[in-house]
């Protein structure tokens, strides 16, 4: 049977001593965590290991001996290391020795309770203890293609990573401590720490308390009854800006929460939200500084009114074209004139409203520009709402045309069933047979003829305004796509993958260091980082915008029947 010994590369130059770690009997593997140097008292070592085992819940024990003789290996030291196996009752007793500056290592096992000891094949695997401890092993995303054999290998590998990660308290002592036990591990030369990080931790406590108080105050105002009245509740549910502010308010509550993250996923979620907020606010401040330079807001306000007038003039020309003979088509003149004048009157009202608001446009844009300090996503949502307000007349045209067209389509389908002697059963939601008298058939034929000949005129207006509405919806959809990208993209995880790829591990690979007869096979374990696509898929933040689940077939069916196509962003629905 093959015995696998995972040895930390930081201990390869350690002085002689005993090996402490965890024995995984299911895998016939030993995970070495540290080396205890001479001199030491065995009772103190056992007491120290029992304390570590109580805190970490990891069965840490003495697994064997380590010999690193600078000169030729002494016989007395060899006998002493073998005698240690009688004090520390572990079977098998692992003996690893390094002779001088040689690259050749010897590794053997001593079976205490076996009558017929067999020489086991030993594989010595070096691993970077710091990287393994700080990394997090991710399960595979494609579980369908994951066989039972691969799943077993992944569970074995996870046991090794968990052993090193849970033994963090073992690595908090260095050689400068005055304790009776001296250890060699990845932090034996000094515990890794940062003064800036410690100062930020101390300063974050009062900052989080203040932020929590402010957020609770804002949340209380948002939950008050004043905002539940009809005008305010309607605006809160329809405006993208209000929805985005509520979404960011929840993010701030998650960050400022005093509750400690229970696992790696919650910790990464908090970090991703924090970095996403920082990047969002930084981009918003850059946008705000660009807007307030060189009087760009004034130029934007001066451009907005001519653009609105130009759009209104183009719509008027379009309606005049529809009221004539569009593309040589013969329309119903009376209905054509009624619809054209109705829509022209709406455009006239819209132009009057725009010119009435023109003196205040620059002041409104000036205050709207200040909202960019809340983040680029808030500024983009305000832009989407401004586009919705500026194109409200197009939306009204679309709704009028769609309702009129839908009424005629359903009227024609109902009258067509009348010709065939059928009717729609509302209670059972099906088509049943029905007998009609002569008067009903005559009235039905008359109405069917009228609706059929008026349908081309209505369909033409509906087609034109549906295309205009879809153009506006596409622009708003692109804006919301950018907002969702900023909200959901795990920036911290991506930066971590870029700078410290070993922190996000997808697996490991092994490289052969030495393979010689009579010597243990020596391998180097290296961490395979998670791919960028898997990082985004694993740590993507939830958003509050969802896109239509309708297929292209159902969407075309809605357009053909005249059912309203609402904006692609639906409020109040959470998408993971």
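Glycine is treated like the rest: Cβ placed from N, Cα and C.
Whatever TrEMBL says is automated annotation, not expert-curated.
Among the ranges 236-258, 305-327, 397-419, the stretch that TrEMBL annotates as transmembrane segment is 397-419.
Your range for transmembrane segment, going by TrEMBL and the list 470-495, 496-521, 522-547, is 470-495. As annotated in TrEMBL, transmembrane segment covers the listed stretch 273-292 rather than the other ranges in 173-192, 273-292. When each of the listed stretches 273-292, 338-357, 397-419, 470-495 is scored by C-beta pairs under 8 angstroms to the transmembrane segment (440-464), 397-419 comes out highest.
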